[in-house]
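Peer 1: Okay, these came from TrEMBL:
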DOMAIN    A:26-153  domain 'Response regulatory'
MOD_RES   A:D86  4-aspartylphosphate
Amino acid sequence: MAEVLRPEMLDISNDTSSLASPELLHVLAVDDSIVDRKFIERLLRVSSCKVTVVDSATRALQYLGLDGDNSSVGFQDLKINLIMTDYSMPGMTGYELLKKIKESSAFREIPVVIMSSENILPRIDRCLEEGAEDFLLKPVKLADVKRLRDSLMKAEERVFKNIMHKRELEANDIYSQLKRAKI
Amino acid sequence: MQRQVALIKQSLFDQGYLDEQFIELEELQDDANPNFVEEVATLYFKDSARLISNIEQALERGSFDFNRLDNYMHQFKGSSTSIGASKVKTECTMFREYCRVGNAEGWQDRRGPRRLHVGPSNTGTDQ
């Protein structure tokens, strides 16, 4: 006796690790100032984000797997929804980090926000031209972080819904085929 | 005791030592993280001590490296801004101005005559 297979029971794809959970955004924050790192980490936690904080652009690249040996590969399983970086940092600046991220095929889609204590228009223009999502003046406000989070979550939700809708269509499709085959 | 602390805190605001950024920090504190402000303040003091020590060393040398001094001041100003230390922030800004004109005398006595001291004064990194 054949069991009627319902779409929900079909194991089309069990891989949910690539699905972005709409609830918890993972933010990578980069700042050389220990006070600012503490501050931005708290702002992000209060905004219900998962936070990873590093103290330099070099470490950020290491974290993303974009340094040295892995220069063009990146860590495909690493899910980062947003990168927030200080502009003025010793060694590699936030601007240079922005460029490296936008050059990487693995991470170029991730929004990058630049933070700076200096309101210098040419600097802001340059960052936006290079693909920065936003430019925030320090000290960063909780309202700024919440606004970023909200707009990102809307975008993630859309992606999530699209994926689920697509899977539903696939499941229904297979179900109909099986029904026709009278299994 | 709590009232005394409250009064001291209020006077810090009244005298311009603290600005609204400090209140922003306080608002980030909650029952789950009751020591946040204290933790940030502790980090700030440690970091400031480091910066001030670096600045003092830089000033002790015969000739002043204005780039380096400006760099330290930029960091000091940044953390002071984040914690709401308003007066410190203002002093840093003023100090950086002196660095910009290469004035070694200015920081010692702001009320004294300002003399242009010829020295490296390249602080600009953006055009």
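Any Cβ shown, glycine's included, is placed from N, Cα and C.
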Peer 1: Find the average pLDDT over the domain 'Response regulatory' (A:26-153) in the predicted model and report it.
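Peer 2: Mean per-residue confidence for the domain 'Response regulatory' (A:26-153): 92 out of 100.
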Peer 1: Can you check which residues sit near A:D86 (4-aspartylphosphate), meaning Cβ under 8 Å from its Cβ, same chain, 6 or more apart in sequence, and list them in order?
Peer 2: A:V30, A:D31, A:D32, A:S33, A:D36, A:G94, A:I114, A:M115, A:S116, A:K138
Peer 1: Looking only at the domain 'Response regulatory' (A:26-153), what are its DSSP counts of helix, strand and coil residues?
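Peer 2: In the domain 'Response regulatory' (A:26-153), the DSSP-based counts are 55 helix, 25 strand, 48 coil.
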